[in-house]
Each structure stands twice: as structure tokens, then as C-alpha cells.
Amino acid sequence: MKTFILSIIVTMITSVAGAQQKSFYDFTVKTIDGKDLPLSTFKGKKVLVVNVASKCGFTPQYAKLEELYEKYGKDDFVVIGFPANNFLHQEPGTNEEIKEFCTLNYGVTFPMMAKISVKGKDIAPLYQWLTHKSENGVSDAKIGWNFHKFLIDENGRWVASIGSTTSPLSQEIVGWIEE
């Protein structure tokens, strides 16, 4: 009987230890043009994920995000923007309107995704992963406003959550890219 119980315990421990957290690369999202984009496309790159909005005090960060992308985008780094209307309805536009706004006003060339929800009962699966330690295996994160940033390493692992007030060109972000 002791051998049987011991084998059950060993099996349970092995199962739990063998369970792996989901990776950033396990998700597929929709681009602003409505096409599926497996995030595994970005394997081997550092990624800055940011929830964006067109009618926010932080909207000028689009220019700095684009500058960051233009400077480091060739060097195994990408910015991915996710429009969201979760904060005071500051992203009311359609995907087409958002795309036009970003292109005309900020010359955005980094990948933009379809509008999603970044919190609440209709939170997008990727943002569920980004904000819950039980999903990402590293940390819980509360998104307080638009232009909240997440850093993902080259292996698809969660690295950091960075608030809206931090510039995309901050030493914290640039230093991480250049590591």
C-alpha cells in the first residue's frame, strides 16, 4: 500500500512540475486589418506590447513608440499596439479609423492590432495572460490607463509591466532593448 501511495504522490509531483506556463508565442491575435497573426511570428525578438488610444493625453506617445520601432525594429525588437476603449471611451473609432489616425498623425509603421478589451469581463486572452501571474508565471499587473506597456523577452516570457507615464524612450525600456 505504501508503494502505491508513494507512486501516486510521485506522479502528482511530476505532473505539476512538468506543467508549463503559457508563452506569449502561444497566442494568435487579429491585426488592425482583420488578419490572424500568430505571435510566434516574433520568436527571437524582444517585444513591447502597449494598449493605445487616439483621444488620450498619452496619445503623443505614438510618436515615441514609432521612433523606438524605427531605431530598434531591425535589431530583433518590435512594438505591437493594441487599441482599447477601456478608459473613458478614449478609443471610440473603428479599426479603419484608428489605422488612418495613426498613419496620418504619427506615421505609425509598427504592427497595430484590432481593437480589444484590456480589462474586465471581456478581456482579451493575451491581456489575461499579461495581467495575471497564474497565466504568465511571473507577476500580476494592473493596467491603470492607456499606453501601459509590457516587455516580453526573446523567449516569449513576461519581463515587466510599465505604467503609462513612462516614456517609450525611457532608459528602462531602451536599456532593456540594448541588453
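Residue positions begin at 1 at the first shown residue.
Cβ coordinates come from backbone N, Cα and C, glycine included.
In the three-state DSSP classification, C56 (active site) falls within coil. C56 (active site) counts 17 other C-beta atoms within 10 Å of its own C-beta, drawing on all protein chains shown. The active site annotation in TrEMBL covers C56.
Taken from TrEMBL, the feature domain 'Thioredoxin' covers 18-179.
According to TrEMBL, the feature signal peptide maps to 1-19.
In this model, the domain 'Thioredoxin' (18-179) carries an average pLDDT of 97.
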